[in-house]
Amino acid sequence: MYGKIEKIHFVGIGGIGMSGIAEVLLNLGYKVSGSDLRKTEITERLEGLGGEIFIGHARENVANVDVVVISSAVHDDNPEVVEAMERLIPVIPRAEMLAELMRMKYGIAIAGTHGKTTTTSMVATILAKGGIDPTIVIGGRLNSIGTNARLGQGQFLVAEADESDGSFLKLSPTIAVVTNIDADHLDFYKDIDEIKDTFVQFINKVPFYGLAVLCLDNGNIADIIPLVKKRFNTYGLSTQADFRATDVRHTGFTTSFVAHYKGTLLGEITFSMPGAHNVLNALATIAVAMELNIPFAEIQAGFKAFGGVGRRFQVKGEVRDIMVVDDYGHHPTEIRATLAAAKGGWDRRLVVAFQPHRYSRTKELFEEFVKAFYDADILILTDIYPAGEKPIEGITAESLAARIKRHGQKDVTYIADRNAVCDHLLGIVKPGDIVITLGAGNIWQVGETLVEKLKGDL
């Protein structure tokens, strides 16, 4: 960045996307400050790295900064944003700052409605194993390094590209991956056609020497391929895909498959993450790694070393033969994939506690949510996590639970108070069960409490 920018302030610095950029900037030597509503493990980490953290938003927090960075969750009436605008301090979206970091490197941007965090984490791991030493900014904690960001010395920056508000169009990646396109964020987009058009724009921002990596198994991506003007490779289980998986096997946490490229056998890939959707994420990663000339043997070794991502089928504990898992899945497609992974990897009763995320998403995808839980043997719903949204009349977790029950789901319970979910689980779980907490809000706390209480009963 131009030398006159020295102090950068993040409004909502504790968010997983904001904190990653802040950490990279701290490691680059910039003075970084930020505010959030509460102290967390993330804010404490940034403070330990030299960041100045304010708890609560106040006008005086931005008195001596050069630029203010905001996420899509921060509104114009935020006192720090108001103060910055009055002082004529630039206020920029998170994606613009990420684009600035990407401008200094060759960017690898992973986009898609689902699978971004896992795929970004896989790519970061394999590139590091291949000696490329990338800078990484991920929307989840990479278990192998204990954080979601890292400043590397190599030429590449690997980052998640957030499509939720169209701001990923500010990025200009050298390699763009699109894992899938699905109906989501319909509070911002008019319809699926507008979402597809935005992804076409994103893909075509790749330079003439770059590459797009596209999942052919996704129908919406297949629809837009004729509109892609840049060099691309496809991947999937389809026989028409450039990178293809065969002989897929799932046993517990272990997934393995045989990889092929344009009819040529590459070899077997094995990694510790369940689910057919993660086979696709792995194929995307192979496509990126081979574009960067990483030998396939090193790709194989990287996958064997891959330790997964926080809140993506993350085991919180196993007590009395009851496995407690947490997963970020909050869209019907993600929920189906996660539950299918659990059923495919284990022959165990599946107890699911789901916290819907955002009123707008629950409204727009209500009927899809109704049919997303058929793999759950027992389903518990708790109140919607608002994520800053105001309630929408008639859109509640209770009404969703009732509708799910009417559609044939046999064991569905609505519990308004999230804190009461744990006590309910304690009364119904038994040895052999898998308990999954699902949602992008704070439902993960239920799983952690459950593990502690199960330990206390020993």
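Please read every residue number as a count from 1 along the shown chain.
From the backbone N, Cα and C atoms, a Cβ is placed for every residue, glycine too.
Not measured: the values here are computed from a predicted model.
Going by Swiss-Prot, these are the annotated features:
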- Gly112, Thr113, His114, Gly115, Lys116, Thr117, Thr118: ATP binding site (BINDING)
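Taking the mean position of the Cβ atoms of Gly112, Thr113, His114, Gly115, Lys116, Thr117, Thr118 as the ATP site, the remaining residues of that chain whose Cβ falls within 8 Å of it are Ile110, Thr119, Thr179, Asn180, Asn281. Of the binding-site residues Thr113, Thr117, Thr118, Thr118 has the largest number of other Cβ atoms within 10 Å of its own Cβ. Between the binding-site residues His114, Lys116, Lys116 has the most other Cβ atoms inside 10 Å of its own Cβ, all protein chains included. Sequence-distant neighbours of Gly115 (ATP binding site) (same chain, 6+ residues apart, CB-CB distance under 8 A): Thr179, Asn180, His277, Leu280, Asn281.
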